[in-house]
Amino acid sequence: MIYPKTYDVIVVGGGHAGTEAALAAARMGAQTLLLTHNIETLGQMSCNPSIGGIGKGHLVRELDALGGAMALATDKSGIQFRRLNASKGAAVRATRAQADRILYKAAIREMLENQENLDLFQQAVEDVTLDGERISGVITAMGVEFKARAVVLTAGTFLSGKIHIGLENYEGGRAGDPAAKSLGGRLRELKLPQGRLKTGTPPRIDGRTIDFSQLTEQPGDTPVPVMSVRGNAEMHPRQVSCWITHTNTQTHDIIRSGFDRSPMFTGKIEGVGPRYCPSIEDKINRFADKDSHQIFLEPEGLTTYEYYPNGISTSLPFDIQIALVRSMKGLENAHILRPGYAIEYDYFDPRNLKASLETKTIEGLFFAGQINGTTGYEEAAAQGLLAGANAVQYVRGQDPLLLRREQAYLGVLVDDLITKGVNEPYRMFTSRAEYRLQLREDNADMRLTEDGYKIGLVGEAQWRMFNEKREAVEREIQRLKTTWYTPQKLAEDEQIRVFGQKLSREANLHDLLRRPNLDYAALMTLEGAMPSENLSAEVIEQVEIQVKYQGYIDRQNEEIDSRRDIETLKLPDGIDYGKVKGLSAEVQQKLNQHKPETVGQASRISGVTPAAVALLMVHLKRGFKDAK
């Protein structure tokens, strides 16, 4: 049957990408349908029970700045919060939280069920329908056809998923869930370029069988950090500790003894695994000189004894899993509740996507999450929000939301995917960004909230909070610039106490705060330095960073401005690179293969040299007919 309602946007998949995509589209006022094979698993944390970290936490803050759900759900479910790299530069500071799986899933479902313009329906999708080269809807397992003007596909690891434990394997999207075999086959029929990737998960351990007296405790931070600008510490559930143990030479010998039955080493697994989150057998093989690896025991929630041993993801046979777990200190009597496993799945070459995450070959079809070759909840969620928003913009005939590399880590992520592609699961790091001093956790709202508000992603309450913060920062910076001190105004001992030396000339608070050995709190101990208004910790942090890093930020802005023409100059559809004088055959081939949308994207394709970019610029600026 054909369902009687036609939707603006259909989202397929209820994981982190799918839920953010559906919420984004519905927030923008589009009639949206979220299809999932099981409503009970909406927003499920399939692997580790944590959100954030270096690079990933930056993405979560960017999601939040655009009205996304992940940060707020984490505040409602987080059972341990830590600020990583707190003693380092502002660019690499990041927030990480352990989340209660049940509370996180409940928070996401509550948001979905209370979101206007959003319908939920429980059915696996087996086919997509086309009107020529344009998407027109989807067909579910029981034959219901849903019509839509745009479709966002967020299938995660479910497309032709295969689970491996030792030499045994079976079809599945994750443990306990079926694979999307029919949909995977249908997408292959559409000639979308695809490949296979792999990820994995560790065995879960019953906390009642862990000897915590032999482990090192890792408590959370005090005061407890907050993830969302809409959240607060009062939202947080009870806070608990993580624990640390280590592998040893016995553990490594046990792991090596299972190599002959490992699907990774016997060729059973075709997909490439994540370089920066390798399985324990891969670690032991690649780093044979290391006698020990640190393992974090992370609680899965407040109402369960289950622990997640972060660092021993494995697809080794179950007897090896038992032995390797029990070889570690504190786990000698550990009972495994669920075995570890590897899963390989289809992904589609993201170089076939536009910067909006719409496919280049099928109009109105958007991809987000692991289907694009990424790994991680945060990477998936960020893509989901962008794809959902751009699906609405497509339906409305409006320009897509495109984020630049110097504007957001999400901009870096998408640009990397569509220009370089992937040959292993892509994970976000701060080192991937050229302008990471601009892309801090603390200023995600300053970078993105206004853009989100303009297209309807950000609600009025969040917009009001943002403006109050932005105005408070501007007022305080201006006050610092107009509050002056002279050597004569301050007692000599007061100067030495605050500045570490005597003032040599008149200075304002703004210039004094730029000194590397002086922070805002110390400066405010000067007589007459305190502001009349009560400033939040977030405003003070923003003021201090903006003042101290102003010189570096100004230099980066000059560099960004110098590249602006290259980054934004559009390459015409159907441009004939053979008519660009001086381009080598290799560069022509790469440009024809990748079909970049801008000169900036072209410049980041492997093999496209600066000289080739210069030739492109000359060609476009001359205004040849084929480039108009």
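Placement of Cβ uses the backbone N, Cα and C atoms for every residue, glycine included.
According to Swiss-Prot, the features are:
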type	residues	note
BINDING	G13, G14, G15, H16, A17, G18	FAD binding site
BINDING	273-287	NAD(+) binding site
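For S279 (NAD(+) binding site) paired with G13 (FAD binding site), the C-alpha to C-alpha distance reads 26 Å. Cα distances from F287 (NAD(+) binding site) to the binding-site residues G13, G15, G18 are smallest for G15.
Cα of G14 (FAD binding site) to Cα of N285 (NAD(+) binding site): a span of 36 Å.
Taking the mean position of the Cβ atoms of G13, G14, G15, H16, A17, G18 as the FAD site, the remaining residues of that chain whose Cβ falls within 8 Å of it are V11, T19, E20, A21, T36, G43, T154, G156, G369, A380, G384. Residues within less than 8 Å, Cβ to Cβ, of C277 (NAD(+) binding site) and separated from it by at least 6 positions along the same chain comprise T199, S313, T375, P425, R427. In three-state terms derived from DSSP, E281 (NAD(+) binding site) belongs to a helical segment. Once Cβ contacts within 10 Å are tallied over all protein chains shown, the binding-site residues H16, R275, K283 are led by H16. A separation of roughly 26 Å, to the nearest angstrom, links the Cα atoms of R275 (NAD(+) binding site) and G13 (FAD binding site). With K283 (NAD(+) binding site) as the anchor, the candidate binding-site residues are G13, A17, G18, and the one with the nearest CA is A17. Among the binding-site residues listed (G273, E281, N285), G273 has its Cα nearest to the Cα of A17 (FAD binding site). Rounded to a whole number, the distance between the Cα atoms of G273 (NAD(+) binding site) and G18 (FAD binding site) is 23 Å. It is 22 Å from the Cα atom of G13 (FAD binding site) to that of G273 (NAD(+) binding site).
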